[in-house]
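So the structure is just underneath, and the comments pick up after that.
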């Protein structure tokens, strides 16, 4: 086991604080509408230019191991805020730095760190309650666009695109961000249920100009097994032919004789038909087939529940207004399912989302809800260069998360105003003893730090602005973009309550742990001389050239 280097008390805390300051100082220059860029060197390719706090934090690794521990703990604050709300990483870092710096001063003055931490925790609980009181619901398109704009660093086109996407696919809809091919940002909305399985044979194509198979008012047969024997399909095919409607078959697979017969029937015009594989695998496939059945008012033909394909009738088939199939995807538009059944299914999946333990499962379940309830929107980010594309995509992702958070828990006045109001409301709060009260004061003073940093980045004097805002009431704050005072919500400067709350809670949590740190342990650096000494005896090999 390698020897360890141990530091105690004030030495340990000072080293840790130095690391915190290096990371936080690099991150906080990006805060606010007039925040600066940070350039990150990459081992290959062009440097990355970013205004995204968490991207800057992730790149920072310090040489001194004790300082690095401090930096890594604050990096954790940014990551946690990013995971919880998708934004607010820079705010969380600024808050953490302020609480740690003030807290360590109090510890150096001889205060009990545990009581300080209790005071900080008490202030945060009170602050979260105050934030809830200040929060305003965010439901209209204009407010959603404003939140998106602020989070995308005042890029109005991004805010508007996200608002349009949410309007089209609903609050629950899936919105994904992709890299586009042009210079302009685009919004692509897929209505209805789309899954990533294409036609099983190109002979099903009936629109050669678009390379798609399109079926109008089709019956939809859902089968939870492989179909290879055409005899099993004959009763359904005959019924569909009599009804003079097209047929879509969604099965685990359709192969051999069954597929060949379907192709021949389709080409001869006897029955207009197309076949695709069912989406997903294993239990997820069964669940998704059931989703499609509910959406189209059909029944999944499954031997597990004693149903045989040969005995299927037209009553077992689902129906939709239209189905479009290309080589990669199938889209079912306007399924004829009953709204009540669809709502029940959505509620059931939402319950599963709450119980899910892994992010992957949660994401897949969320997609299923979106496909049943709304649709899927794709925002294609346009840019002139690769470097700009990466930077812009990160901003759009942030903005999307922020708008989701805003819809979830509402919005508060932006620009750090809400936290200043909260600190003002709690100024009479006291702890169980004097040291807890000092902890409360540390947290309340730190709540002014985001506004101070936004103002400093805009080139103004932070103390003057903070005092002016404190003198005001409600949503009165300072708009750093226009250098004007006024009602922040009316000016469209909004922050999602969830983002502000998460930033404060995570910052206080990690800062509290760091204030109560008394010792730090790390590996001693290895002695390089020893390693070189072992190879020293090889020096004489140079003379072997004469032996050739």
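Every residue gets a Cβ built from N, Cα and C, even glycine.
DSSP gives residue 90 (ATP binding site) a helix state. The ATP binding site feature in Swiss-Prot is assigned to 30-33, 51, 87-91, 415, 479-481, 495.
The secondary structure of residue 495 (ATP binding site), as reduced to three states from DSSP, is extended strand.
Around residue 32 (ATP binding site), the same-chain residues six or more apart in sequence whose CB sits under 8 Å from its CB are 415, 453, 454, 455, 457, 458, 480, listed in sequence order.
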